[in-house]
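Okay, structure first, notes after.
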Amino acid sequence: MDDGVAGKESPAAALGKGSVFFYGVGHVLNDITAACWDAATVMLSGQIADGFTTIFAGELIDRFGHFKIWHGAGSILVAVSFSSVFGSCIPCIIFGNVSTSLQTIGYSFFAAVFNVGWAATQVSHMSMVNCITLNSTSRVVMASCRNAFSMVANLSLYAIAFAVFHIHPSKTTTDVENQYRWIAYSSIFVGCCFVVVFQIGTKEPRYLHFKGTNLNFKKLEVYKIHNFFLVCRLKEDSRGHDYQKISWIFWFKKVLYYQVAFVYVFTRLITNVSQSFLAFYVINDLLMAQSSKALIPAMIYICSFIISILLQELTWTSQRLKVLFSVGGVLWVLCGSAIFFMPSNMKNIMYLLSFVIGIANALISVTGVSMQSYLVGEDVKGCAFVYGSLSFLDKVSCGFALWALESYQNTSTALKDCNPICSCFSVSRYGFGLVPAVCALAGVVVTCTMKLEKPRLRPLKVPLLE
């Protein structure tokens, strides 16, 4: 083994906490800007455009590799386009014209650029975990750390907004516009700081280096013996071709692909739809104080962050993955049912439910994403397509769900005439209670039928991307 791989960790060795941390912060810019978008009306067209972009991004990443380059380029597009959408109209400044048509063109263009950059960053970051390590526990731990920093991003946005609103109070429409510009610019600065940390601290998988040679090899066949990998045979390709990318059809023939797709989509529907209707529910349905629409989400994020950190201490198996997802799903079924039927005179129970929701969100988010890693397994040359295609399904389904619910928002029952003892079934109750509960139940059912693949004992081909 002294003549084996020099200065490299075994592909299946557990990662250190430093590597997990550096990876985990890589999606903060996406998360903090996405949280700003969530504050506005969700546009179905934007969701669909973003969904299609993730598929193309996944295909290109699988074909050319270089995860960090895709991540960095996508982050630049996100930062530039986001500052343009929430800042000044750049085309208006360039042409010296503030016409409505030019503003529409400018904002639409940069919104499209944002979707492209966001998709490139998301797919490269999510799929990169499979090529960093083959260790199943480390993959789940990295997903857990990523989810923890998603909560940090959301909490950071609340902190930035709180500071801006108190430091620069608004008196005119121009003041309000300036407030949101400061929030946007501050969010971009915080997110970019985390991007730099990720780029510097995360090592991209590269070719294996051997002692005593200057050769770089792409194809290596190794056998696992206990916790060691023994180099047995170097497979040479006289034509000099790269290791072939896995075809899309390969994934479509796997039952597990469809099962994981359903679970992931249900997970995203639970978190996205519930987040979109939370503020409407606590203010309009439960008649709580205005501060509650910030306090309750903050409690959910903090609880979810703590659980995500605790999950990093576990040793993960496929069975534990399924069990904890089911636990999170059952918790959401209970919370969703309580939310759907809760009368306004029992509104204080919402504070208790926020802790339970935080726990449930962390469990289903971490395990739902980690199931994709189990689906990919050792077939890392097609992993970006898996993440891209499932993100497409996620975005399109969430876009349609939110569009359908919000289209009925103005025609719901007049809540002011509701009896405080008997709840009125508004659109907010359906969006924050019923839809997440039904999706959670469906996700648990699919998870129980799932057979996650165990590590294979056959010769392990490890294609490391340059």
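Please read every residue number as a count from 1 along the shown chain.
Each residue, glycine too, has its Cβ placed from N, Cα and C.
The list of residues near the transmembrane segment (73-96) in space but at least 6 beyond its ends in sequence, with Cβ under 8 angstroms from a Cβ of it, reads 29-30, 33, 36, 57, 102-103, 105-107, 109-111, 113-114, 116-122, 124, 180-181, 183-185, 187-188, 191-192, 195. What TrEMBL lists as transmembrane segment is 73-96 (among others).
Residues or ranges marked as transmembrane segment in TrEMBL: 102-120 (among others).
Summarising the annotation, TrEMBL assigns transmembrane segment to 148-168 (among others).
The transmembrane segment feature in TrEMBL is assigned to 180-201 (among others). Within its own chain, the transmembrane segment (180-201) has Cβ neighbours under 8 Å at 18-19, 21-23, 25-26, 28-33, 36, 68, 71-72, 75, 78-79, 82-83, 85-88, 149, 153, 156-157, 160-161, 164, 168, counting only residues six or more beyond its boundaries.
Within the chain, the transmembrane segment (255-282) has long-range Cβ neighbours (under 8 A, six or more residues past its boundaries) at 38, 42, 288, 292-293, 296-297, 325, 332, 339, 347, 350, 357, 361, 364-365, 368-369, 371-372, 374-375, 386, 389-390, 393-394, 397-398, 401-402, 405, 409, 427-429, 431-433, 435-436, 439-440, 442-443, 446-447, 449-453. The transmembrane segment annotation in TrEMBL covers 255-282 (among others).
What TrEMBL lists as transmembrane segment is 294-311 (among others). With a threshold of 8 Å between CB atoms, the same-chain residues lying at least 6 positions outside the transmembrane segment (294-311) that come near it are 140-141, 144-145, 147-148, 151-152, 154-155, 158, 162, 275, 278-279, 282, 324, 350-351, 354-355, 357-359, 361-363, 365-366.
Annotation source TrEMBL lists transmembrane segment at 323-343 (among others).
According to TrEMBL, the feature transmembrane segment maps to 349-371 (among others).
For 383-405 (among others), the entry in TrEMBL reads transmembrane segment.
Among the features that TrEMBL reports, transmembrane segment is placed at 430-452 (among others).
By the Cβ criterion (distance under 8 Å, sequence gap of 6 or more), the transmembrane segment (349-371) is not counted as touching the transmembrane segment (102-120), fewer than 3 such pairs being found.
Of the candidate ranges 102-120, 148-168, 383-405, 430-452, 430-452 has the most C-beta pairs within less than 8 angstroms of the transmembrane segment (323-343). Residues 42-44, 46-48, 50-52, 54-59, 61-62, 119, 122-124, 126-127, 130-131, 246, 248, 251, 257, 260-261, 264-265, 268-269, 272-273, 276-277, 372, 375-376, 427, 430-431, 435 of the same chain sit 6 or more residues outside the transmembrane segment (383-405) yet have a Cβ under 8 Å from a Cβ within it. Long-range contacts of the transmembrane segment (102-120) within the same chain: residues 30, 33-34, 46, 49-50, 53-54, 56-57, 70-71, 73-78, 80-82, 84-85, 89-92, 95, 388, 391, each at least 6 residues beyond the stretch ends and with a Cβ under 8 Å from a Cβ of the stretch.
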